[in-house]
Amino acid sequence: MKILVPVKRVIDYNVKPRVKADGTGVDLANVKMSMNPFDEIAVEEAIRLKEKGVATEVVAVSIGVAKAQETLRTALAMGADRAILIQTDDEVEPLGVAKLLAKVQEEEGAGLIILGKQAIDDDSNQTGQMLAALLGLAQGTFASKIEVEGDSVSVTREVDGGLETVKLSTPAIITTDLRLNEPRYASLPNIMKAKSKPLATKAPADYGVDITPRLTTLKVAEPPKRSAGVKVADVDELVAKLKAMGVAA
Amino acid sequence: MKTLVWVEHEGGAVKDATLSAVTAASKLGEVHLLVAGEGVSGVAEAAAKIAGVGKVHVADDSAFGHALAENVAPLIVELMGHHDAFVAPATSNGKNIAPRVAALLDVMQLSDILSVESADTFTRPIYAGNAIATVQSKDAKLVMTVRGTAFEKAASEGGAGAVEAVASTGDKGISSFVSAEIAKLERPELTSAKIIVSGGRALKDSETFEATIFPLADKLGAAVGASRAAVDAGYVPNDYQVGQTGKIVAPEVYVAIGISGAIQHLAGMKDSKTIIAINKDEDAPIFQVADIGLVGDLFKVVPELTEKL
Ligand SMILES: Cc1cc2nc3c(=O)[nH]c(=O)nc-3n(C[C@H](O)[C@H](O)[C@H](O)COP(=O)(O)OP(=O)(O)OC[C@H]3O[C@@H](n4cnc5c(N)ncnc54)[C@H](O)[C@@H]3O)c2cc1C
Ligand SMILES: Nc1ncnc2c1ncn2[C@@H]1O[C@H](COP(=O)(O)O)[C@@H](O)[C@H]1O
C-alpha cells in the first residue's frame, strides 16, 4: 500500500507572527519557516506504517514556492521515499490544494492519504475533508490512533467530548491530531541520503486544475491587545480581588 | 438570503454552540435549521423554539446517528439547492462536516468566523489568532463555521419554526461508527463555563493535577481546562485542552496555574474577560496577558487559595 502525505511549508511554530504595518498580511521576510507541525506527525505516522510492513511506499507532496523543496527534503530525511513539488508563487487556498491533491491521487492510487488537521498559518482545517469529498472517500479527521485492518482502517478521533472510533473503507483520508505520535528528528546520515532521493517538480497547469482564489483578503489586522494587569503580593490579596469581582463569596 | 444551520445535538438536546451559529446566521437573513440524526423528533421540536428560526428540516435516519460526515454532507448538499449559505458551529463535528459540504458545492469555506461584516465579508483569526483577517467571498454560495465565543447565544425559547421532514440521502457505506469514550462531566462544560481553572505541565502527574486543581475548581463552580503539555503527559484527557488546536474559550474568569503562556495556549483563552495567572516564574509570558498575577509556588499557593475561598 502506498501512502501519500501532503506537507505544507509554514512559519515556524516558535516564531511570533507580526502583522505588516500596511495591513496586507503577516510579515514573512527573514522569518524561520518549517514543516507544518501536524504534517510532521503525518509523515511520522506514514513512516511507522512502512516500518510495520503495512505500507510499501511513502510519497510526500507539497504545493508552494520553490523553497517548499526544503520541506519535502525534511520529509525525505525522516524516511519518505520520494517527493512531488507542485511549484507556484501564487497563494493556493485549501480548495485549490485539495483539487491538485485529488489529481495526484488519481495518478498515484494511494491506499491512505494522511494530512495534518490544520495548517498553523491559515488555521483553515479544511483540506483533508475537501479532498475526501472530491475523491468520494471516507475521512478520519483529528486522528490520535490509526490501525489498518485489511481493506479498512480504524481511526480513533479526538472530539469535543473525548474520543471516538470510526471504521473507514480504504482508500481513506486521515488528518492528524497532536497526540498521534511524536515525530522523529532526521539523523545526519539520513539528511545526506535524502539529497539523492527523487523529487519531481510540477506546475499546477500540469494537472489542468483551476486554482484561482475564491476569497479576497481585504485586510489583516492585529487582534485587540491585552495589557498586563497587576501583580498581587499574596493569596489574601488575590482572595480580596476575587471577592471584589463577585467570583467568591 | 436563506441560510441553513446544522444543529449539533447530544442526548436529545441542542448544544449551545448551535445557538451562537444561529446568531451569526441571522445576520445574513432568514434562518433555517437542519436536525439530522436517529430518533430526533424531540430535538427538532426544541430547535423550532429557538428565537428567529424559520423552518426546521428534519432527517431522521440511522445513517445520521453519529454525525458521520460521509453521510451528512450529501444531505446538506441536497438542501443547499434552495439555500444561499451553510453555517455550522466550529466544534469538532462542525469542522468535520462543513469543509466536505464546501468541496461538494465547489466553494471555499470561511473557517471560524468572528464577525459578519456584510453579506459576503467576514473576519476570522489566522496564525493562532495573532492576526485577524477580513475576507470577502466571491463564491455563489457561502459555507462557514462560527466561533462560539464570538457570537451571543440565540434565545432557546420564543421561536415558532415550522418542522418539515426531509428524505434521507442514505448511508454511503464507506464509514461506520465503532465506539466512543465520552467523559462524563462532573463540572461545567469548558466552552460554556463562566469560570475556568486550567493547569499546566507544572502539575506533575494526574494525581497531583486532581488533588490541586479540582478542589479549587469545585470551590469556584468552575470548569477544568489544561495546556497541551498537561494533556500530552496524561494528567487529563484530550478534551480538556485549551488552545489553537484545542478548545477556544472566553469565560468571565480564566485561572491559569503552572502554565507558561505559549502563543498556542493564548490563542484559546486570551479573549477571557479576566485572566488570573499563578506561576513561580515572574517572567512567564502568561503574565503579559494576565489581569491579576500571583508569583509563587503553586503547591503552596493553590491549596491556600482553595482553603481561603
Ligand atoms: C502545532 C502546535 C499546536 C499546539 N496547540 C496547543 C494548544 O492547543 N494548547 C496548548 O496549551 N498548547 C499547544 N501547543 C503547545 C505549546 O506550544 C506549549 O508547549 C504548551 O502550551 C506548554 O504547556 P505548559 O505551559 O503547561 O508547559 P510549560 O511551557 O513547560 O510551562 C510550565 C510553567 O509552569 C511553571 N511552574 C513550574 N513549576 C511551578 C510551580 N511549582 N508553581 C508555579 N508554577 C510553576 C513554569 O514556570 C512554567 O511557566 C501547541 C504546539 C504546537 C507545535
Ligand atoms: N500548500 C499545501 N501543500 C501541501 N499540503 C497542504 C498544503 N496546504 C494544506 N495542506 C495539507 O492540508 C492540511 C490542512 O491544511 P488547512 O486546511 O490549510 O488547515 C495541512 O496540514 C497539510 O497536510
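Glycine residues also receive a Cβ, built from the backbone N, Cα and C atoms like all the rest.
A quick note: this is a predicted structure, and the numbers were derived from the prediction, not measured.
Close to B:I259 (FAD binding site) in the fold, though at least 6 residues off in sequence, lie B:S198, B:G199, B:G200, B:R201, B:A202, B:S227, B:H265, B:A277, B:N279, B:I286, each with a CB less than 8 Å from its CB. According to TrEMBL, the feature FAD binding site maps to B:R201, B:227-228, B:241-245, B:258-265, B:N279.
Confidence over the domain 'Electron transfer flavoprotein alpha/beta-subunit N-terminal' (B:3-181), given as mean pLDDT on the 0 to 100 scale, stands at 97. Feature annotation from TrEMBL assigns domain 'Electron transfer flavoprotein alpha/beta-subunit N-terminal' to B:3-181.
In sequence order, the binding-site residues from B:R201, B:Q244, B:I259, B:A262, B:H265 that place a Cβ under 8 angstroms from a chain A Cβ are B:Q244. Here the binding-site residues are B:Q241, B:Q244; the one with the fewest Cβ atoms within 10 Å of its Cβ is B:Q244. According to DSSP, B:H265 (FAD binding site) is assigned to a helical segment. B:H265 (FAD binding site): 27 other CB atoms within 10 A of its CB, across all protein chains.
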